[in-house]
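Peer 1: One structure coming up, written as structure tokens, with questions to follow.
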């Protein structure tokens with residue numbers, strides 16, 4: 001359905017390529033925390049993908065805390081939820097960095113392992129974004145628009161990797177620093193929750209934060225585009241127009257997501273905040289996962305996706321409502337769209353795991369002994 005048997009042959013050509021320029025990771029966390037943890041605490045019998053999965057579970061727990069503590073995204077989040085979310089975020093970061101080290105330690109690195117790691121990350125980015133926009137209690141429509149922008153930054157990093165064949169984690173646009181900055185922000189919020197409403201030069205910290213998020217997203221996208229253009233010019237592997245065309249599926253998701261958030265009635269956005277967030281997270285995860293699979297299998301980017309077609313139909317229904325024309329009620333259409341997203345993305349994940357593990361002759365959650 002998703003994986004061509006002929007493309008699986010390209011797994012034999014797989015070679016991971018990544019550059020991590022993080023100062024915190026390379027000079028503090030790795031030598032003084034992650035490496036000792038791997039050496040003295042993590043047994044060599046634990047499969048890297050198990051560590052990845054455990055890290056994902058930590059973040060899903062953080063999502064559940066926010067789901068129950070702030071059902072509309074506008075409630076004051078309890079100190080317990082903020083503290084636990086910061087801790088769970090740190091544990092996720094630790095697991096996300098230990099899995100690769102465990103893979104190299106046990107010689108269990110594989111394209112399935114990389115895909116499993118990035119696949120989990122596609123969901124985690126949405127949860128990170130949810131925590132950030134909920135803590136600042138932006139107006140609901142702004143919360144969702146900012147969440148979409150943060151999701152787009154994550155996709156663009158993989159769009160860049162698809163064309164450069166190297167995952168570049170820079171000094172600034174680096175998950176480690178951004179996660180630590182978020183955790184630090186949560187700590188400040190615990191100590192002084194009113195800080196988001198403090199005015200500096202007659203402008204609230206909340207407003208400064210919104211501008212910073214927008215600027216960060218814009219600069220990050222420009223950085224990824226510039227890096228890709230530079231690589232394309234030096235290698236002549238494709239034209240810039242072709243590279244842009246490869247981003248068409250995500251452009252469709254992005255435009256439709258923004259249209260829906262802008263046209264949904266305010267009361268529906270507030271009452272079904274987490275339903276909409278989940279829908280955006282799953283749709284973003286699906287499109288990003290497809291791109292990652294294409295890269296690992298060295299395939300051209302597939303432009304048509306049934307899930308995106310359904311999302312376009314869903315968006316047309318929203319436009320009809322905004323124009324005062326007959327349309328399907330949002331409660332039913334949104335819930336149905338989410339079910340389709342979960343079902344199709346789950347099918348993709350299961351098929352990838354089965355196809356890759358069968359072809360490579362490896363187990364997903366067990367250490368594979370090299371003969």
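Indices start at 1 and increase along the chain as displayed.
Placement of Cβ uses the backbone N, Cα and C atoms for every residue, glycine included.
According to TrEMBL, the protein has these features:
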TRANSMEM  46-68  transmembrane segment
TRANSMEM  77-95  transmembrane segment
TRANSMEM  115-135  transmembrane segment
TRANSMEM  142-158  transmembrane segment
TRANSMEM  178-196  transmembrane segment
TRANSMEM  208-226  transmembrane segment
TRANSMEM  272-292  transmembrane segment
TRANSMEM  304-323  transmembrane segment
TRANSMEM  335-365  transmembrane segment
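Distances, neighbours, how buried they are, the whole picture for these features please.
Peer 2: Listed by sequence, the residues of this chain that lie at least six past the ends of the transmembrane segment (46-68) yet keep a Cβ under 8 A from its Cβ atoms are 77, 81, 84-85, 88-89, 91-96, 98-100, 102-103, 106, 108-109, 112-113, 116-117, 120, 123-124, 127-128, 130-131, 134, 274, 363-367.
Tertiary proximity for the transmembrane segment (77-95) is limited to same-chain residues at least six positions away from its ends with a CB under 8 Å from its CB atoms, namely 33-34, 37, 51-52, 54-56, 58-59, 61-62, 65-66, 69-70, 124, 128, 131, 134-135, 175-176, 179-180, 182-183, 186-187, 189-190.
Through the fold, the transmembrane segment (115-135) approaches residues 49, 52-53, 55-56, 59-60, 62-63, 66, 70, 73, 77, 82, 85, 89, 92, 96, 99-100, 142-144, 146-147, 150-151, 154, 158, 179, 182, 185-186, 189, 196, 213, 277, 280-281, 284-285, 288-289, 292-293, 296, 349, 352-353, 356, 364 of its own chain, all at least 6 residues removed from its boundaries and within a Cβ separation under 8 Å.
Non-local neighbours of the transmembrane segment (142-158) in the same chain are 73, 118, 121-122, 125-126, 128-130, 132-134, 167, 173, 210, 213-214, 216-217, 220-221, 224-225, 250, 254, 257-258, 261-262, 269, 273, 276-277, 280-281, 284, 287-288, 291-292, 295; each lies 6+ residues outside the stretch with a CB under 8 Å from one of its CB atoms.
Note on the transmembrane segment (208-226): residues 132, 136, 138, 142, 146, 149-150, 152-153, 156-157, 159-160, 170, 173, 196, 200 of its chain, located 6 or more positions outside it, place their CB under 8 angstroms from a CB of the stretch.
Same-chain neighbours of the transmembrane segment (335-365): 1-3, 8, 11, 47, 49-50, 53, 108, 110-112, 115-116, 119, 275, 278-279, 282-283, 285-286, 289-290, 293, 306-307, 310-311, 314, counting only residues six or more beyond its ends whose CB sits under 8 Å from a CB of the stretch.
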